[in-house]
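Asker: Among the features that TrEMBL reports, UTP binding site is placed at 138, 201, 231, 262, 407. Residues or ranges marked as substrate binding site in TrEMBL: 232.
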């Protein structure tokens, strides 16, 4: 009734003093009711978490207590969080908030080993390959020459260590979904010159969408649907809880370079490492946090961007944008850059923020519908959102070549082709391509799963001169096919197109039926 009354009120300036007081009183009661409801919800959740902890095995009690404490803090932030930013409070980015990569200072070649001795490389390895039809960790998908993401990463770090006679460690953050498989895989790298460490990110309980209470009653339950890994924003706390953060600080390490394991462009960059380590030598305070950003294209309009908000540099994700401003957020002219999730973070500052509980990353609410018919939500955070809690934080606008993620088989096609050269685990755009942009590739649902995708190519086509490729329907490619310019191949329902071996398609649309059968 109060809310109906509130909807009917005339504009504030037309109200009498008595009416204004009554309206303010109504609003205050409404807010007070919301606050008390949230307090009650948090209180009930805390009781549920205590019950969960009581089911813990003795040898896991400390770990489970830390995990549930982290979940409780995340849930508390969820209850008090504002869903959207106030668009009117977005400020212009300060000068030097985003540094052009081309203007980073040069570095002394004789100091490379010294710089690398202060670095830890961290790869986010919590994802499964299910979206591409693969079982197990995504890092075991073959990218090139039967080498997986993990193989290529190991090659990169080993080359760095051998070239400069250093010992840069590799750290893998696994999830409970990928940890067992990853531990088994690591045994095959016993003779590789890389010190590999791994730890598992937190395992948090999913909560019922209606009651907001955990759907699991036994903390030792192996019911995978009842638990979830809470996004890569959990890295800071999980890294600290693992003991590795303190270990590396004690060894004199200063920065970690954090990136997704499926981003084949995220290699150790000496110019950026020099910048984070030696900015103080130029008279500036060393940045505690650097985010690599790159220019948006039409394919990246949903990517998070950097803004100045409440006098801090902040990562703005599309989920935080009010509905009326989504088109403005997607504008390439207003928000020109997006977050690659390649992050350079000062280890001492990370320890300070975790121990003082000053990491206030925005909560991402991820709704899920379980196979058993239950609607749940999982609360997550993004690693880049921590930027506002670090001193001297800035972005570096890097070349697009540092962002080569593999989210779909269309990305895999590009990396498997002659568009990219491979050298010691690093992929670089071929010098034979006459312009530095990558083609736009759209493959239909018949290509979604890696196994189906590979079965449709007798050989990966020559893509050096390709601008745009669209393939839809039941289409297969013979060996030594070359695609140039814009190529569109559409096989309608019930039709099939076999592109013959040795075909050269340049600015062509292919449709209808084309079958090639063995005689």
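Even glycines carry a Cβ here, placed using N, Cα and C.
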Asker: Give me the CA-CA distance between residue 232 (substrate binding site) and residue 262 (UTP binding site), in Å, as a whole number.
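Answerer: One finds 14 Å between the Cα atoms of these residues.
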Asker: Given the binding-site residues 138, 232, 407, which one has the fewest other C-beta atoms within 10 angstroms of its C-beta?
Answerer: 407
Asker: Counting other Cβ atoms within 10 Å of each residue's Cβ, which of the binding-site residues 201, 262 comes out lowest?
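Answerer: It is 262 that, of the binding-site residues 201, 262, has the fewest other Cβ atoms within 10 Å.
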Asker: Run through the Cβ atoms and count how many others sit within 10 Å of the one on residue 231 (UTP binding site).
Answerer: 24
Asker: Between any two of 138, 201, 231, 262, 407, the residues recorded as binding UTP, what is the biggest Cα to Cα distance in Å?
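Answerer: Of all Cα pairs among the recorded UTP binders, the widest measures 21 Å.
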